[in-house]
Amino acid sequence: MRINPTTSGPGVSTLEEKNLGRIAQIIGPVLDVVFPPGKMPNIYNALVVKGRDTVGQQINVTCEVQQLLGNNRVRAVAMSATDGLMRGMEVIDTGAPLSVPVGGATLGRIFNVLGEPVDNLGPVDTRTTSPIHRSAPAFIQLDTRLSIFETGIKVVDLLAPYRRGGKIGLFGGAGVGKTVLIMELINNIAKAHGGVSVFGGVGERTREGNDLYMEMKESGVINEENIAESKVALVHGQMNEPPGARMRVGLTALTMAEYFRDVNEQDVLLFIDNIFRFVQAGSEVSALLGRMPSAVGYQPTLSTEMGSLQERITSTKEGSITSIQAVYVPADDLTDPAPATTFAHLDATTVLSRGLAAKGIYPAVDPLDSTSTMLQPRIVGEEHYETAQRVKQTSQRYKELQDIIAILGSDELSEEDRLTVARARKIERFLSQPFFVAEVFTGSPGKYVGLAETIRGFQLILSGELDGLPEQAFYLVGNIDEATAKAMNLDVESKLKK
């Protein structure tokens, strides 16, 4: 972190007496720049191209040095469109990596990868900036305390609980509800949590970013009257941005979160939607830089790039960063190198299933595929652990019996198996839940269910006390009392129809 008394723009200190180079080659978002002998910039230095295009329009493009090619040439990746750039244009070496504004001034604002505000609310105080490239905290600084992070979402809290200060991944293919789940978590946690949040929109839809911004203003997470009272900073590098911006926007968001953790000593929530797009952008840049592709066409440096981002997302003795990351799974294949590399860094994985989404069970979290390092009796307690294991066993048995049911019908099952199937179907439906952020689509009000209520509900189903209730009574309700009330209403309705 550094204090800049004067800056001519976010992350670009006064540019007089800097190294000057000239553009030698432009290949899409990649520039080759020639510098005078002995004046070569360092890797990751920010370069700025200023000038006018053929029509006289002002050009201001920031690039990041990626390779030193020899013969006084460097190869840099542009952070914005390279339209209008020409060979021979002057390039200024800023002498430092990209730096972005950090601290209280960032709250309630939307930034791009360079730390420039894009919300038309005027300039941001850039006296305190921080470079986006830094090393991860040392071993000795890390905090190893274990505690649960309650989300109010039944399936998550019971079967794959989140760790406070941990890393959580939401895995799913296209259109199974990753963004809705991450927005619900922002709604539930950011409101109840009281600390600050940073949202990094990496290569996702601009419309979703806009929806999120509007929703945060409505819910008060962003305070329009007094912007400094806001609880969140947003950083967006969406699908339409060049690969350089999408590759670095995650680091910009992380740098803002690190400042709150290290300097303000706060507990921070970092939401990243979508970490796969970070890998995808790295793959595009890698190809543009001429590196030989690795497995499935990904960059050979996939593990290194992922590690350099993920290792900085951690809890120290000063404060914590709890990170929730959406991970797109290409073609629903969890063995694809991108999701497989991400798995290694996570404390909890919430896997979304297309099969459950097709049944209309939302959130479509797979109770058998989702995992958490926190689901241990010494951390969550015996009662929680036992209930979770019995729910998983019942669901697993139902999964095994599905082939028999499909071929022979449920009448061929033993009495015990029939009871297991009936309870598993109730459990499957009770794992669904109406979301606050989906109220506009579903028409039913959202529900926050505490952990104790969740455990009680599943214990009642497993004990057989609710065997007489119809399974549709458990669909899209909050706690178990709502399910019994819904069953009574269904009973009354069926009697009236008769």
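Every residue, even glycine, has its Cβ placed from backbone N, Cα and C.
The feature ATP binding site is assigned by Swiss-Prot to Gly172, Gly173, Ala174, Gly175, Val176, Gly177, Lys178, Thr179. Note on Gly177 (ATP binding site): other Cβ atoms within 10 Å of its Cβ, all shown chains, come to 21.
Within 10 Å of the C-beta atom of Gly173 (ATP binding site) sit 17 other C-beta atoms, taking all shown protein chains into account. Within the set of binding-site residues (Gly172, Gly175), the lowest number of other Cβ atoms found within 10 Å of a Cβ is recorded at Gly175. Of the listed binding-site residues, namely Ala174, Val176, the sparsest CB environment within 10 A is found at Ala174. Long-range Cβ contacts of Thr179 (ATP binding site) within its own chain (separation 6+, distance under 8 Å): Glu204, Glu208, Asp273, Ala326. If you take the C-beta of Lys178 (ATP binding site) and look for same-chain residues 6 or more apart in sequence within under 8 angstroms, you find Leu170, Phe171, Gly172, Asp273, Asn274, Ala326, Val327, Tyr328, Leu352.
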